[in-house]
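Student: The active site, charge relay system annotation in TrEMBL covers A:Lys76, A:Ser171. Annotation comment: TrEMBL describes A:Ser195 as active site, acyl-ester intermediate. The domain 'Amidase' annotation in TrEMBL covers A:27-145, A:166-487. The region 'Disordered' annotation in TrEMBL covers A:146-167.
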Amino acid sequence: MLGRTLREVSAALKQGQVTPTELCQRCLSLIKKTKFLNAYITVSEEVALKQAAESEKRYKKGHSLGDLDGIPVAVKDNFSTAGIETTCASNMLKGYVPPYNATVVQKLLDQGALLMGKTNLDEFAMGSGSTDGIFGPVKNPWSYSKQYREKRKQKSHGENEDSNWLITGGSSGGSAAAVSAFTCFAALGSDTGGSTRNPAAHCGVVGLKPSYGLVSRHGLIPLVNSMDVPGILTRCVDDAAIVLGILAGHDPKDSTTIQDPVKPFALPTLTDVSKLCIGIPKEYLTPELSSEVQSLWSKAANLFESEGAKVIEVSLPHTSYSIVCYHVLCTSEVASNMARFDGLEYGHRCDIDVSTEAMYAATRREGFNDVVRGRILSGNFFLLKENYENYFVKAQKVRRLIARDFVNVFNSGVDVLLTPTTLSEAIPHTEFIREDNRTRSAQDDLFTQAVNMAGLPAVSVPMALSSQGLPVGLQFIGRAFCDQQLLTVAKWFEKRVQFPVIQLQELMDDCSSIFENEKLASVSLK
Amino acid sequence: MWVRAVWLGLRASAGGRRGFSSKADPQGSRRVTAELIEHLERLALVDFGSQEAVARLEKAIAFADRLRAVDTDGVEPMESVLEDRCLYLRSDNVVEGNCAEELLQNSHRVVEEYFVAPPGMCCPKWLNRLSHSKLRMQ
């Protein structure tokens, strides 16, 4: 049951094949068994069971709220959840319990979803590995998969199995790991520079970044106001579309959400791609791209072409400057957004009482890690009067050029762009930490952050396993507010490539009952 | 930073902080001076904490300097991708509130319905030197 799609489980719930409480308990049990992944910071067991009981009552009366009623979901720990600790994996907010729900959380709860817990991330969502939070790094479930382990046995013998575990990517690594390990059906992440798509690619799940302005940011602890977007992680494209349909729409509490009416949509099944034009940005073919990812990217392009789509090379000339531009704009907005953490109204407060300035400074020193402090200081540098024009405003101008590049490409008849999501498959933690956070972010965000600067929708879809048995995902980028079209193309692709299901041995040995149910009578989908 | 003088006890002598500056960059990009460090620490209310942090800032600046190569003549800065749309403004009606108690619960130091802050302008060296004189001028 845990391996099914949202629609299948929803149908099973309606038909009484499984109850929300059973589903909840299985997920909770799996969360406990996979605790070593460190995907969750807080597991809201009591809350989830209570929600499950209420959902069960609704199903008994035949009044289910919709496709998400009774479905276990997880939320990244930088979304405010009323009554549940929200830490952003930082000492600054450790122990902070918000008095309200983020709009997207509220929407999920209003649909009857069961909140399993808050997932782990890089501190304040700054990072590309989910390794820099105070609760420790998140481990990629694929490190423990049969597919990966078998390939490793061929290479090395007698090595300590756990010492070389792989990162999940970041910063929504906890959410990606939670979905990948079947502990929930969908998870919320956030995406500022690729933070949802990057871990999705490394963990073999679907990671959707909706168009900026489509989904409310109210309650998402902000990093970069002009680029942040709540992200959706699921095991298949259809599920992502279902969740998007629920989350999208104008929110009076977030004035940057568009006012155009938005309705939940069902993804059409595309059969004929002959009218589709796929663009391949040539500047994304960088020397750092691993040959395996490059060959899969080629293979994907050929797949579209062989089925009749038009596949053309396009140019995004300012690509090489986008990471620099992002670096300046991101640190500048961060410097501003982090100013709210002064210890007075919420969050950590130091013991110093000499003066406000002393108190603020010590609180912030104790509350933030090096990465956050580094970005605040860089941002303040770029915002100094003498630097403002040359750095901040300059970056804003370059941002326009980058956004324009995309507009030009889409105006020339391209429907969707196809690019890699990451440079390579997930790497071992020991290798990842050899470079500092900023360097890693600059490398890993290469393909993903230009999309945030232009506010476009993008989705990472797992394509195939690498020669090491690890997932590789590819990214589709769509026109602004054409999320439905983007997902339709992604769904077509997903069906063609048939990405394999992760085989988690640890779990299979203990929880064979979970997977045995797969063989039982099929569920009728209406 | 002067804060450390207060709660750690002065570790370094007054000259010790000058160790936190950088050598002139051969490519001619910004040198991070002790003055700049102090200035940034005061603005950000976050301290560098180590020579490594200063080195990281230098790298960040050098990285950002690459933007100079882009020709942005005649290009307007872009503040938001939604610049072609009107920002939504709510009507000026009170629809929520009365949650003082909930909000006060999150603070560490509260007296009745007040958040308690220590006194401001408590005469640290740099504050005396700069801010008070500026205030007097206004």
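Backbone N, Cα and C atoms are what each Cβ position is placed from, and that goes for glycine too.
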Student: Kindly report the helix/strand/coil residue split of the domain 'Amidase' (A:27-145) according to DSSP, in that order.
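Tutor: Going by DSSP assignments, the domain 'Amidase' (A:27-145) contains 45 helix, 20 strand, 54 coil.
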Student: Is it possible to get the count of other C-beta atoms within 10 angstroms of the C-beta of the residue listed as 'active site, acyl-ester intermediate'?
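Tutor: There are 38 such Cβ atoms around the residue listed as 'active site, acyl-ester intermediate'.
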Student: Hey, what's the Cβ neighbour count for A:Ser171 (active site, charge relay system) at 10 Å?
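Tutor: Within a 10 Å radius of the Cβ of A:Ser171 (active site, charge relay system) lie 38 other Cβ atoms.
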Student: If you average the pLDDT over the domain 'Amidase' (A:27-145), what number do you get?
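Tutor: Its mean pLDDT is 96.
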Student: Roughly how many Å separate the Cα of the residue listed as 'active site, acyl-ester intermediate' from that of A:Ser171 (active site, charge relay system), to the nearest whole number?
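Tutor: Taking the Cα atoms only, the residue listed as 'active site, acyl-ester intermediate' lies 5 Å from A:Ser171 (active site, charge relay system).
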Student: At the level of the C-alpha atoms, what whole-angstrom distance separates A:Ser171 (active site, charge relay system) and A:Lys76 (active site, charge relay system)?
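Tutor: A Cα-Cα distance of 10 Å.
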Student: May I ask you to report the DSSP-based helix, strand or coil state of the residue listed as 'active site, acyl-ester intermediate'?
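Tutor: Going by the DSSP assignment, the residue listed as 'active site, acyl-ester intermediate' belongs to neither helix nor strand, so it counts as coil.
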Student: When you measure from the Cβ of A:Lys76 (active site, charge relay system), which residues in the chain that are at least 6 apart have a Cβ under 8 Å away?
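Tutor: Those within reach of A:Lys76 (active site, charge relay system), by Cβ under 8 Å and sequence separation of 6 or more, are A:Lys118, A:Thr119, A:Leu121, A:Ala125, A:Ser172, A:Gly174, A:Ser175, A:Ala187, A:Leu188, A:Gly189, A:Ser190.
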